[in-house]
């Protein structure tokens, strides 16, 4: 369904980011100790009409595995 394609970079969900749903850049820096996070084009295969211009998050130079002890990294 749509959830598999939905990401912290999806334009339609970007306004919903915040404490519980970090932006791509914040997610990568905090959860992976990465230099930065960037969004790249990733057309939705499951939900193209609900997620036009879909994007996914990519962490640049991640130094650690995801910090699962931090609740804001779980999503």
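Cβ coordinates are placed from backbone N, Cα and C, and glycine is handled just like the others.
Annotated features, as they stand in Swiss-Prot:
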DISULFID  2-9  disulfide bond
DISULFID  24-28  disulfide bond
DISULFID  31-73  disulfide bond
DISULFID  39-47  disulfide bond
DISULFID  57-59  disulfide bond
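According to DSSP, residue 28 (disulfide bond) is assigned to a helical segment. Here the Cα atom of residue 39 (disulfide bond) is found 18 Å from that of residue 2 (disulfide bond). Of all Cβ atoms in the shown protein chains, 19 besides its own fall within 10 Å of the Cβ of residue 57 (disulfide bond).
Residue 59 (disulfide bond) carries a strand DSSP state (E or B).
In the three-state DSSP assignment, the secondary structure recorded for residue 39 (disulfide bond) is strand. Relative to residue 9 (disulfide bond), the disulfide-bonded residues with Cα atoms inside 10 Å are 24, 57, the candidates having been 24, 28, 31, 47, 57, 73. The two recorded residues, residue 31 (disulfide bond) and residue 59 (disulfide bond), have Cα atoms 10 Å apart.
Among the disulfide-bonded residues 2, 31, the residue whose Cβ has the fewest other Cβ atoms within 10 Å is 2. Sparsest Cβ environment among the disulfide-bonded residues 28, 47, 59 (other Cβ atoms counted within 10 Å): 47. Residue 2 (disulfide bond) sits 5 Å from residue 47 (disulfide bond), taking the C-alpha atoms as the reference points. The distance from the Cα of residue 59 (disulfide bond) to the Cα of residue 28 (disulfide bond) comes to 5 Å.
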